[in-house]
Amino acid sequence: MAQHIKYDAFEAYLKKQGNHIDRLYCVMGEELLLRNETVDFIRQHCRQLGFSERVSLVLEANGPWQKIQENLHNTSLFAEQKILEITLPTGKPGRVGGQALIEMVEAIQKGFANDTTIILNLPKLDKKTQESKWYKAINQVAITINIPQITRQQLPNWMRQRFASQQQQIDDDALHYLADKVEGNLFAAHQEILKLGLIHEKGNINLQSIEASVRDVARFDVFQLTDAMLKGDAKRSIRILQCLQDEGEALPLILTMITREIRTLYALAFHQREGKNLTLLMNQLRIFSSRQSLFLSALQRLSLVKLIGLIQHASDIDRLFKGYPVEGRLKDAWQETKRLIIKVAQDGIL
């Protein structure tokens, strides 16, 4: 029976189902990390019940939508039960896609492919999309898990719970230090928590141990990246970015720091146009005196208009990483980040 379940209640719901599995799950919300974790949790539950085949489809308005029906009607010779994962990065299937989803629901209602469990992975949908025929059809049969957005204010408590799941307790000072470090980015927070789980044993984590760990995992390499970028050394910036990627560094954290520097440059450029004292402003922005020359150097090659374009570029990369296609950008968020860094290190033009 169709129903909506809160994210934090879904684990208990699934455990209560025991050996039962629903035909269609709809995982929907803004936070891609939590959506992916929820999909993985459903996947694990299916496998415990004997599902041995998994098919993953990532579909946009141009399809190929026929793949849904092909998977519902084609039974594998080697697997009795199948997981069909359908991801709609934009949540906009278009006319053809919307009809394909309606037909998928009809197939479920008619009892076709009872050996298949479908997981539909959607971003948060606007009100108009929720009024569409295809979504209303989904809503009639799906178990919908509503993924919440974790706000900046909620992030410390969310992080504390994650540490607790690793049997670690974190002091308030350390927690807020780490929350400030990731600037509200859930992916970056997740990455840091996992790293600290590997570095530290079970038990209490204080601010001193967090600061030491930050140094131990070469966080200053990220600062070296932004320094080289501001200095105008594109070649060294790209080399550092490649090293960070090879070491498994989280792109959201890197992008957060790059974006912060671009926004700082924008603030400086705006006040420079107004004839304000930049040294005073940099002190107010808590830019260390040793780094102020880097920002002044970057301002000589980056105008206010170019900086607006760079901020938009960074926003586009964030969307790419979350799985949303962006017109005029590469599909690989890492490659697009390289392009952004080169633009900042040069004159705003690639």
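From the backbone N, Cα and C atoms, a Cβ is placed for every residue, glycine too.
Curation does not apply to TrEMBL; its annotations are automatic.
These numbers come from a predicted model, not from an experiment.
Pulled from TrEMBL, these are the features on record:
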{"type": "DOMAIN", "residues": "25-146", "note": "domain 'DNA polymerase III delta N-terminal'"}
{"type": "DOMAIN", "residues": "221-322", "note": "domain 'DNA polymerase III delta subunit-like C-terminal'"}
Using DSSP, what is the helix/strand/coil residue split across the domain 'DNA polymerase III delta subunit-like C-terminal' (221-322)?
83 helix, 0 strand, 19 coil
Secondary structure tally of the domain 'DNA polymerase III delta N-terminal' (25-146) (DSSP, helix then strand then coil)
54 helix, 30 strand, 38 coil
